[in-house]
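**Student:** Sequence annotations record features per position, and here Swiss-Prot assigns domain 'GMPS ATP-PPase' to 1-185. Summarising the annotation, Swiss-Prot assigns ATP binding site to Ser28, Gly29, Gly30, Val31, Asp32, Ser33, Ser34 and lists similarity to another entry as the type of evidence.
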Amino acid sequence: MNWEKFVEEKVKEIRETVGDSKAIIALSGGVDSSTAAVLAYKAIGDKLHAVFVNTGFLRKGEPEFVVKTFRDEFGMNLHYVDAQDRFFSALKGVTDPEEKRKIIGRVFIEVFEEVAREIGAEYLIQGTIAPDWIESQGKIKSHHNVGGLPERLNLKLIEPLRDLYKDEVRELAKFLGLPEKIYNRMPFPGPGLAVRVIGEVTPEKIRIVREANAIVEEEVERAGLRPWQAFAVLLGVKTVGVQGDIRAYKETIAVRIVESLDGMTANAMNVPWEVLQRIAFRITSEIPEVGRVLYDITNKPPATIEFE
């Protein structure tokens, strides 16, 4: 891919589309939205307003990382919206994964529209990439930035990366000068940790899975492994264990570590046994609510990478 030509075309396209209007971009700190943000910033400068929504479903340290990177280092107009209570309320009692994704998508858009009205933006730029809409079109699962969009969108949508795959987005990010800590980040689902909790989402469950997720990422990095994705899932199943001489009844965490080129297919990684043992030991030691850790060895297909 000739990235110079690609950037030139996209910058021209975004600049002509937005004109004298303003645009907002859905920024998560992941490689897709970060790349789309830098591309759009190149095109329209201060007419771009980056919107970062703290859903309550983010990775450990994510909000601080995003604010520091984009507001302090890139100098972008960054609007930080703390919408945690709003998302948890909207998901109360909801257990169906597809419904969860759609609700999260709807609340996302509501938040964006409110900010857009405040700043007078007409355009919403999103970091949607090819696998997102292919999976949504194929009815595999809704992606919050496509399937969750309401029929009547009050903002005009611009998706500059929609024909690219993840490996291409990483190349583009590198070309645009994004730091390695962003372009080499593991993919993270738009709905965040909400789809790594099976069943109803509560602040307590998110706290558990956030800690477990951080442990998995830390140990994978420490072992020098370079998977496509590595994460933890709270299964919502309690099992019997032993604590001292007493019977315990605690939560179960599944660990998923996969290799892939573009996310369309994936293989469970053959992780060294001592790494898995260290992950299991740390999760059960550091998170008192968890008593059992499982390793998922299923490929994609038949499974998807995320559990929901």
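Every residue gets a Cβ built from N, Cα and C, even glycine.
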**Student:** Measure from the Cβ of Val31 (ATP binding site) and count the other Cβ atoms within 10 Å, all protein chains considered.
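**Tutor:** For Val31 (ATP binding site), the count of other Cβ atoms within 10 Å is 25.
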**Student:** How many neighbouring Cβ atoms, not counting its own, are there within 10 Å of the Cβ of Ser33 (ATP binding site)?
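**Tutor:** The Cβ of Ser33 (ATP binding site) has 25 Cβ neighbours within 10 Å.
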**Student:** Measuring CB to CB from Gly29 (ATP binding site), give everything in the same chain under 8 Å that is also at least six residues away in sequence.
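**Tutor:** In sequence order, the residues whose Cβ lies under 8 Å from that of Gly29 (ATP binding site) (at least 6 apart) are Phe52, Glu62, Phe65, Val66, Thr69, Phe70, Ile182.
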**Student:** For Gly30 (ATP binding site), which residues of its chain lie six or more apart in sequence with Cβ-Cβ distance below 8 Å?
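**Tutor:** Spatial neighbours, sequence-distant, of Gly30 (ATP binding site): Gly127, Arg185, Pro187, Phe188.
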**Student:** Inside 8 A of the center formed by the CB atoms of Ser28, Gly29, Gly30, Val31, Asp32, Ser33, Ser34, which other residues of the chain have their CB, for the recorded ATP site?
**Tutor:** Leu27, Thr35, Ala36, Ala37, Gly127, Ile182, Arg185, Phe188
**Student:** Including all protein chains displayed, how many Cβ atoms other than that of Ser34 (ATP binding site) lie within 10 Å of its Cβ?
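**Tutor:** A count of 27.
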**Student:** Sequence gap of 6 or more, Cβ distance under 8 Å: name the residues on the same chain that satisfy this around Asp32 (ATP binding site), in order along the sequence.
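**Tutor:** For Asp32 (ATP binding site), the qualifying residues are Gly127, Thr128, Ile129, Leu161, Lys166, Val169.
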**Student:** Please report the number of other Cβ atoms within 10 Å of the Cβ of Ser28 (ATP binding site).
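**Tutor:** Cβ-Cβ neighbours of Ser28 (ATP binding site) within 10 Å number 21.
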**Student:** Is Ser28 (ATP binding site) helix, strand or coil when read with DSSP?
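**Tutor:** DSSP call for Ser28 (ATP binding site): coil, neither helix nor strand.
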